[in-house]
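So that you can see what the record holds, here are the features copied from TrEMBL:
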{"type": "TRANSMEM", "residues": "95-116", "note": "transmembrane segment"}
{"type": "TRANSMEM", "residues": "122-141", "note": "transmembrane segment"}
{"type": "TRANSMEM", "residues": "153-172", "note": "transmembrane segment"}
{"type": "TRANSMEM", "residues": "184-213", "note": "transmembrane segment"}
{"type": "TRANSMEM", "residues": "244-270", "note": "transmembrane segment"}
{"type": "TRANSMEM", "residues": "282-300", "note": "transmembrane segment"}
{"type": "TRANSMEM", "residues": "312-332", "note": "transmembrane segment"}
Amino acid sequence: MTRKWLVSLIACLALIAAILLGVAIGETSIKLTVVVQAIVNKLWSAGYILDPIDEGIIWNYRLPRALVAGACGAGLATCGVILQSLLRNPLADPYLLGISAGASTGAVLVALFGLGAGVLTLSGGAFVGAIAAFVLVTLLARAGGASAPATQIILAGIAGSQLFNALTAFLITKSANSEQARGIMFWMLGSLSGVRWSSVWLAVPISLLGLMVCLWHRRALDAFTFGVDSAAGLGIPIRRIQLLLISSAALVTAIMVSIVGSIGFVGLVIPHAVRLLSGTRHARLLPLSALSGALFLIAADILSRTLIVGQVIPVGVITALVGAPVFALILLDRRRMR
């Protein structure tokens with residue numbers, strides 16, 4: 001018990017430190033002590049005398065951005081664990097299976113046709129798109145039979161991604177003006193630039209809820225790693241668990257996409273790396289993946305704001321630069337194992 005508490009404490013401290021660094025580092029650097037004092041002022045009216053401009057930057061821009069980055073990283077990593085466990089495929093993640101692309105199409109459709117511009121409305125459109133994408137990919141993967149091999153699922157996911165990306169591009173070309181098109185394209189690459197507190201109140205609870213649902217069903221996920229037949233033999237209600245967890249993954253992905261756009265490879269890289277270190281038991285794998293995903297995306301966001309002076313790189317570009325080589329290594333490793 002003592003060791004568990006120690007690990008939990010270290011994990012919490014690491015996450016807090018990453019968030020504080022995410023707030024402090026930027027085009028205009030702010031001292032960590034000032035960051036802490038500004039947060040304490042807002043939460044407990046401590047009365048520290050600070051530069052109002054620094055306080056405004058910290059509270060209105062950087063702190064929400066860091067919190068949403070952490071929530072999105074945790075949520076996407078959790079979704080990666082769900083999909084990889086249910087499909088028994090280490091290459092499965094919301095991005096490669098077309099779920100992110102479908103969510104992007106749904107959100108863009110809602111935004112462009114005036115069906116609503118609020119975060120909740122965009123999230124609803126993104127959720128419908130995510131579910132549609134997963135259904136399409138599943139049908140494509142199983143076209144040749146009742147069960148689909150891992151490679152076929154990934155190929156179907158890539159085909160689904162291309163289809164939904166093409167639909168999104170068509171919608172933008174047909175319906176958006178040049179300014180709208182530029183903003184949407186930047187958002188689709190993964191952008192935390194427009195994040196405010198309203199996004200925090202949606203992203204953080206949904207990410208935590210997704211993690212809690214998965215932890216509640218951790219034993220079922222453990223059983224799925226040995227195959228559907230083994231899980232059924234242990235009395236796991238296969239269809240109900242699959243529907244619940246895949247719907248949860250689609251919902252979390254849709255919410256994150258509606259807030260920050262399509263950020264790839266977090267759900268692929270993080271669960272795979274954590275699984276190598278912690279094993280396959282989901283009681284450890286899920287919280288460690290969520291924590292690592294949060295740290296990874298906060299670090300990626302810091303890099304996106306500091307690599308080029310005076311310019312912000314879409315955070316999805318940073319995650320792709322890390323994720324694509326890891327994806328290639330996983331493919332090579334799987335090939336050697338055959």
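Heads up, the Cβ atoms here are built off N, Cα and C, so glycines get one too.
Worth saying up front: this structure is predicted, and the values here are computed from it rather than measured.
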If you count Cβ pairs under 8 Å, which stretch among 153-172, 244-270, 312-332 touches the transmembrane segment (184-213) the most?
244-270
Ranked by Cβ pairs within a distance under 8 Å of the transmembrane segment (122-141), the first of 153-172, 244-270, 282-300, 312-332 is 244-270
Contact set, same chain, for the transmembrane segment (312-332): CB under 8 Å, 6 or more residues outside the stretch
69, 90-91, 186, 189-193, 260-266, 268-269, 272-273, 296-297, 300-301, 303-305
Taking residues 6+ outside the transmembrane segment (95-116), which of them lie with a CB under 8 Å of any CB in it?
79, 83, 122-134, 136-137, 153-154, 156-165, 167-168, 171-172, 175-176, 180, 184, 188, 249-250, 253-254, 257-258, 261-268
May I ask for the residues of the chain that lie six or more residues beyond the transmembrane segment (153-172) and have a Cβ under 8 Å from a Cβ within it?
87, 89, 91-92, 95-98, 100-102, 104-105, 108-109, 112, 129, 133, 136-138, 140-141, 180-181, 184-185, 188
